[in-house]
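To start, the structure itself, in structure tokens.
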């Protein structure tokens, strides 16, 4: 879940308004917030964007970030000696024989082709190196933008403005219009103009394109209630069958079955996004893992401990990678320190894709965006909509 990180180097200072008596005015300073080890590591990947005089530093002149401490499951030999000691090859532990994957699927590769790693000191943590082809990744990206962000699911925009239907489809129309205008080919009679969206009070909102750029998260299944931090049967929407099948197959292959995804958060990161160290502990069922799947740009993910006072392990998560946080890691702080600059997976770009898919990939690439889908079982005994797939299907 999201958490806002306050800058502990910034203190609130209250002074008298009477400048003439400033020498005798009482000044109070609130205690500086402790910089935890989690925050210290997170800040290693924070780029300085302003000079001492407050002016913006051009991107090309900024001090580059040192990514050498980041563990990389994709390039094992490029890791530091310290990080190499943390990597456990768990590929042989993947279950491929206890049941038959009898039918081919358009959504993922067969588990016998998966490469799976663990992390020393974190039993129950698994990293699956992307088990998707580029076309399979784009099917999930399409779902995330078209289906998962639309009503009846909640997102950060509809939470305040009410349901907004067809956010992507209308945003895409405006994106096409912008492109045609830039090429001098725009003709209002030929291009369908989406009606300006209205909020729940009937007041006009920004354009769909502007709203789309503000999209940060959406929720599936049980709609997480952010303020009280709970799930309620009162707020439930049907969980997508294909996503349910995918995460259950992942759970079976990594011996976390039976597993029923009852809720998911879909996060939409842009190049400047981070996520502070947090726990996912609102679920009644904590023995089942969080299954997290990412597409688009590369992130520096921080796998922490049960307290923020222990330094987390930074690791790269690339497009298509899956992280499974079970066992000890289910109870540990974690977050996203950085979306790596210019890291969008260029393998997702294909001139043979249809125009709609091209625009989705273009939208992700233009702001170095990342889509993350993370699922969890909420109750010890699955309730509304909870169902197990047939292992032998």
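Cβ from N, Cα, C; glycine included.
Note on Swiss-Prot: of 135-157, 158-180, 181-203, the range annotated with the feature region 'Disordered' is 181-203. The maximum pairwise C-alpha distance among 217, 224, 225, 226, 308, the residues recorded as binding substrate, is 24 Å. The Cβ neighbour count for residue 280 (Fe cation binding site), using a 10 Å radius and every protein chain shown, is 18. The binding-site residues recorded for this entry are 217, 226, 280, 308, and the Cα of 217 lies nearest to that of residue 267 (2-oxoglutarate binding site).
Within 10 Å of residue 334 (Fe cation binding site), counting C-alpha to C-alpha distances, fall the following of the binding-site residues 217, 308, 373: 308.
In the three-state DSSP scheme, residue 217 (substrate binding site) is classed as strand.
In the three-state DSSP scheme, residue 280 (Fe cation binding site) falls into the coil class.
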